[in-house]
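Take a look at the structure below.
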Amino acid sequence: MAPSAIDPHPAVLESAAHSLASMTSSYDDTLRFYLNGTKVVIDDVDPEVTLLEYLRGIDLTGTKLGCAEGGCGACTVVVSQYNPTTKKIYHASVNACLAPLVSVDGKHVITIEGIGNTKRPHPTQERIAKGNGSQCGFCTPGIVMSLYALLRNESSPSNHDVEEAFDGNLCRCTGYRPILDAAQTFSVENGCSKAMSNGGGGCCMDKVDGDSSGGCCKQNGVRHDQAIKRFTPPGFIEYNPDTELIFPPSLTKHEFRPLSFGNKRKRWYRPVTMQQLLGIKSLYPSAKVIGGSSETQIEIKFKGMQYTASVFVGDIAELRQFKFSDDHLEIGGNVILTDLEHIALQAIEHYGPVKGQVFAAIHKQLKYFAGRQIRNVGTPAGNLATASPISDLNPVFVASNAILVAKSLDKEVEIPMSQFFKGYRSTALAPNAIIASIRIPVTSETEHFQAFKQAKRKDDDIAIVNAALRVDLDDSSIVESVSLVYGGMAPTTIAAKEAGLYLVGKDFTDPAILEGTMNALEKDFDLRFGVPGGMATYRKSLALGFFYRFYHEVLAKLEVNSSHVDEEVVPEIERIISFGKKDTESTVAYQQKILGKANPHVAAMKQTTGEAQYTDDIPVARNSLYGCLVLSTKAHAKIISVNHEPALSLPGVVSYVDHTDMPSPEANKWGAPVCDEVFFAVDEVFTAGQPIGIILANTAAQASAGARAVKVGYEDLPAIFTMEEAIMQESYFEHHRYIRKGNMEEAFASCDHVFTGVTRIGGQEHFYLETNACVVTPKPEDGEMEIYASTQNTTESQSYVAQVCDVAVNKVVVKVKRLGGGFGGKETRSVQLTAICALAAKKTKRPVRAMLNRDEDMITSGQRHPFLSRWKVGVNKDGKIQALDAEVFANGGWSQDLSGSVCDRALSHIDGCYLIPNVDIRGRVCKTNTMSNTAFRGFGGPQGIFIAESYMEEVADRLGMPVEKLREINFYKAGEETHFNQTLQDWHVPLMYKQVQEEFAYAERREAIEKFNATSIWKKRGLALIPTKFGISFTALFLNQAGALVHIYHDGSVLVAHGGTEMGQGLHTKMAMIAAEALGVPLEDVFISETATNTVANTSSTAASATSDLNGYAIFNACAQINERLAPYREKLGKNAPMSKLASSAYFDRVNLSANGFYKTPDIGYTWGPNTGQMFFYFTQGVSAAEVEVDTLTGDWTCLRADVKMDVGRSINPAIDYGQIEGAFVQGMGLFTMEESLWFRGGPMKGQLATRGPGAYKIPGFRDVPQEFNVSLLKDVTWENLRTIQRSRGVGEPPLFMGSVVFFAIRDALKAARKQYSVQATLGEDKKGDGLLVLESPATPERIRTSCEDPILKRSFVKPQEGEKSFFIAI
């Protein structure tokens, strides 16, 4: 959604502007740089173009746009440059979406296309491709470039270097494990031919007794009789650093000249000396100074900010120097943060560990500050000037009493950091001054200094609260001075004044001091419940908790009376280098020539080299227009007026399209399966983000500016957000389903216990890396339309395009090459953008293309449904569950979409894996004013199973029984019926439950954890063991069908088309394998070009984990027809005759070498109400185990180990299936522990989604995966009743719930934390408000911390005042 425009008003006199023009008249206006080894000279530079826009504009489309805010890494390129700080060539991984094009002058830009191609891939590209590290592939080029940058700077990186190389990259598909495994083959430990892991006698870096401190023999000059070869995994290209693209020699002599260029809207200046910069600032104080552009570009892109003049300071060498003095380190204001990391380490070495404490704190904060791409351009001056209240460095600068040196043309001013921040985003820096340097005092011998940070995610996340704490003690431990400085507790970086005043003059070792300081901190940070940013209790507990940790760390160093020191609280959670294993032998028993074998994704190499084409990569057609949606900003309101005339007056804007352009009011209606939605709002909007119109312009930037210029008048109406509000107001959709079985009244009357509870689970953003996109081309005849769309549902897209264009469906062709991820989010919601762009193309008779910004996508495309359940369980003393009564509510949003079916699936999965003889469950879909929630991997199944496992956990606590035992007691047995009367066949959950316990050493771990928790106060460990069963079939019977088209050409090559779309799940790979096996041809002879409605018609959406089953059998059916026709030729030419001979002979005999295949799932057909018929064709099953460690002082946690075992039948391709399992597990872990969607309750963005984009919405990153992650497939069993292709089971959705094992392990750890304060569930009673732990999903650090019962949390608790509500709404 384009934000409101801000008119630029240059705060400069006209005379000053003339003086500035005069001063810069000698500046150059030509940009010179190298691109993939080729010199580029640009004379007509557009000052508003980013490096990414430039690259994609010249068809280097391997670099992707994923978020436009530097948070996902999809746009990563390498910028090689001479570093004036280190005096070396540095190869910087950079976010091209943020980098101004001007910033690459005099540098060498390397993109994914520049390092290799499918014919000659770079080793990084090859290993990630062959190591199954690419699924949808949209994020892959950025990941490859991050690894490439690491290797260019350090040809023999450590395991740790590799693990941290990707902290600025995100992937939503793979679960990260295969990427890390592939990347680790380059590490010095894994890459040494002498390493024991590689079959050698032993590497110098192999740890002996835990020590590898000697360093690598390749680097320390140790000589050997023969050269040490880098180990290259068998079948891979050897990595030779000497063959890389050289840094262009001419750039070593490049003269950095001052630059000036622009147009009437904007001027860019690039001074190269401090004097030039100060001259510009003196004449133009309001000119925007840009260092790394990491924040400026976001302001321009998402906040509509416009700067008439910008000054890029990244190439001023004077601002990138540093100097060690006796009592301080002085760093240039524009030293990049990556260099600051190294300078901090040098400072520790230079000054020693005691005097270097402040630099250790800086290094610690930088370790988790943003991603490497941001640290490669971000600067301390930029950090200071933006005055962010949650900056990680600013508290360190303030606490250390650093001095900021500000320079203007006429003077130099020293500003103490304690006086620098004046208010929210306001500083003491004069308008005409710049931050030249920062002087950071060394820590004295009597000082103690430490820094802390807590965020939603460990790596690459903004802080919730951070702190830098310093205390100076005399010889008697009397406090002489103190600085307790916090971020995230006020509108600015702030010192705790009351606590500071209290401490001065006190004996720090006096036990009473801690209590006194805590009391003072409570006064300093007396947050109200509705404080901006929310989380009042959590933030206050962090402020107190950080001091508690610091206090005991200092006491431990002072070696005071040990009884007063809580040494256990001091260490923070740290991760080891992650690793894992897969069972590579799991399919040996049933492997065929092709099927059952591990083959990489067929497009993996194209994806790692950037050659794979996505929708927005399609070359721009002549006369194309770009679309930008005009979206509502109100959650519920009447539309009073819409004025698009201001937009049409802007340069490049061509047209505006809205509901009045529809052929009829009925054509404006859409929705699946109920048409209760409109493409364009008419008189009323029902959610923020609802399309009102679309602006069409000659460029994407012009369209965005036009959309911002459209003025919409509203009259607010009451809005509903939460399920509780909807229930209270009886706001439901007309969808009411139930499943009833047994005699409830009798069951509850006869059981020993009846327990009740409420379970709540939040939603989840799909966060596919490729946002919704389409390219629509109107044809000159008969109203034809050709559309490329990023959709999982070609047929529905085709139907609605035909509707809005008022043509028959046969005039519309929808094509999909591949999707950059889907996960259900592009099953129905993609139709909206496609249909709107098609209408626009029809109106203008010109091609129209659009790709949503990340924030636009998030507010228009819907999420996973939040669920709420009120349940009642009847159970006997022996643990046998007798009855379940449950009301289930889903938050559907403002339109029904697929919410009814999602709710239905939740009802069908609410039994988990447990036999419950008496069941009465009812489901309703709440109608609210959020975006319309939609399909998401699991489609209600995870929510239903989560309800099941939650009541199992709480019932076990009430019974005083281990939940593992309760689960085992209630497991279904083979042949028993579910609550919807389906018999379980090929039932292997009990077997896998036993196997996982043995492989995980569950009993031994449980014993060890109990011992650990008995002695550890602040760190608690938890275990969980979770089973799953997931029904495979569309619940809508008609969707369980598929078609395929197979052509064999006379050269023997095979072309296959089917109805499924490739979105990273490896569907085309599996389908090609099925065809190759069926036809007896090599896999490389089978090709799948794209999915298109004119090759396979009337397709079902690619969803429900059934696509391989359906399309696989359709392909097999088509191949069987062709095989029948080829049988005489095989008999004549021999059974081993190549297809080229068979096809050629058949062709000359006029035999049809094409066939249409078809398949429909047999047996299924469930009837709601009577509870009859078979709902699912079969169930995919699995069991997972996990161990976690939780820091109860902060809510931080890590997964120490996770094991997953899945029954996927006879795997078609285990490499693909393992990738699906790992990716689904990590996505599920995100759902249940990290990913939280919040809405603004008030203010100018009232009713809008607050958590949009990677800056605010956190999905798991590389360093969030389990430290040990093991995955296996069930083997050595028979699948006697499975009648699918190859006897395989669907695997896309079922493993997602396995990620919940981490949630339940966290719950287990929290129970131990609460137990030490005697807070436990009351046994045998359904008592409300007792010690039973009711943990909502997701278990964010905030929820974890506030579920604890320690005194610090208790004293931090913030109660709402009468009528006071939280800052955010969780729907």
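Even glycines carry a Cβ here, placed using N, Cα and C.
Per TrEMBL, the feature [2Fe-2S] cluster 2 binding site maps to C136, C139, C171, C173. Summarising the annotation, TrEMBL assigns FAD binding site to F369, D392, K453. Residues or ranges marked as Mo-molybdopterin binding site by TrEMBL: Q792, F823, R937, A1104. What TrEMBL records for E827, R905, F939, T1035 is substrate binding site. Marked as domain '2Fe-2S ferredoxin-type' by TrEMBL: 29-115. Per TrEMBL, the feature domain 'FAD-binding PCMH-type' maps to 261-445.
Recorded features from TrEMBL, shown on the structure.
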| residue | record | CB count, 10 Å |
| --- | --- | --- |
| C136 | [2Fe-2S] cluster 2 binding site | 30 |
| C139 | [2Fe-2S] cluster 2 binding site | 30 |
| C171 | [2Fe-2S] cluster 2 binding site | 32 |
| C173 | [2Fe-2S] cluster 2 binding site | 30 |
| K453 | FAD binding site | 28 |
| F823 | Mo-molybdopterin binding site | 31 |
| E827 | substrate binding site | 25 |
| R905 | substrate binding site | 26 |
| F939 | substrate binding site | 28 |
| A1104 | Mo-molybdopterin binding site | 28 |
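Within 10 Å of F823 (Mo-molybdopterin binding site), judged by CA to CA distance, lie the following binding-site residues from the set C136, C139, C171, C173, R905: C173.
The distance from the Cα of T1035 (substrate binding site) to the Cα of A1104 (Mo-molybdopterin binding site) comes to 9 Å.
Taking every pair among E827, R905, F939, T1035, the residues listed as contacting substrate, the largest Cα to Cα separation comes to 17 Å.
Sequence-distant neighbours of D392 (FAD binding site): residues of the same chain at least 6 apart with a C-beta under 8 Å from its C-beta are Q365, L366, Y368, F369, A451, K453, A463, N466, G487. The two recorded residues, C173 ([2Fe-2S] cluster 2 binding site) and R937 (Mo-molybdopterin binding site), show a Cα separation of 12 Å. Within 10 Å (C-alpha to C-alpha) of A1104 (Mo-molybdopterin binding site) lie the following binding-site residues from C136, C139, C171, R905, F939: F939. Cα of C171 ([2Fe-2S] cluster 2 binding site) to Cα of E827 (substrate binding site): a distance of 20 Å.
For the domain '2Fe-2S ferredoxin-type' (29-115), DSSP puts the residue distribution at 15 helix, 31 strand, 41 coil. The binding-site residues shown are C139, E827, R905, F939; of these, the one with its CA atom nearest the CA of Q792 (Mo-molybdopterin binding site) is E827. Within 8 Å of the Cβ centroid of the Mo-molybdopterin site, not counting the listed residues Q792, F823, R937, A1104, the chain contributes G822, G824, G825, E827, A935, F936, F939, T1102, A1103, S1105, G1292, E1293. Neighbour counts were taken as the number of other C-beta atoms within 10 angstroms of each residue's C-beta; across the binding-site residues Q792, T1035, the minimum falls on T1035.
Distances between the Cα of R905 (substrate binding site) and those of the binding-site residues C136, C139, R937 are shortest for R937. In this structure the C-alpha atoms belonging to F939 (substrate binding site) and C136 ([2Fe-2S] cluster 2 binding site) are separated by 20 Å. Mean pLDDT of the predicted structure over the domain 'FAD-binding PCMH-type' (261-445): 93. Taking all protein chains in view, 26 other C-beta atoms sit within 10 angstroms of the C-beta of F369 (FAD binding site). Taking the mean position of the Cβ atoms of C136, C139, C171, C173 as the [2Fe-2S] cluster 2 site, the remaining residues of that chain whose Cβ falls within 8 Å of it are S134, Q135, G137, F138, T140, R172, T174, L769, G820, G821, G1064, G1223. Within 8 A of the CB centroid of the substrate site residues E827, R905, F939, T1035, the other residues of that chain are G824, L898, S901, V902, D904, A935, G940, G941, F1034, A1103, A1104. Across Q792, F823, R937, A1104, which the record gives as binding Mo-molybdopterin, the greatest C-alpha separation is 12 Å. Sequence-distant neighbours of R937 (Mo-molybdopterin binding site): residues of the same chain at least 6 apart with a C-beta under 8 Å from its C-beta are F823, G824, A1224, Q1227, G1292, E1293, L1296.
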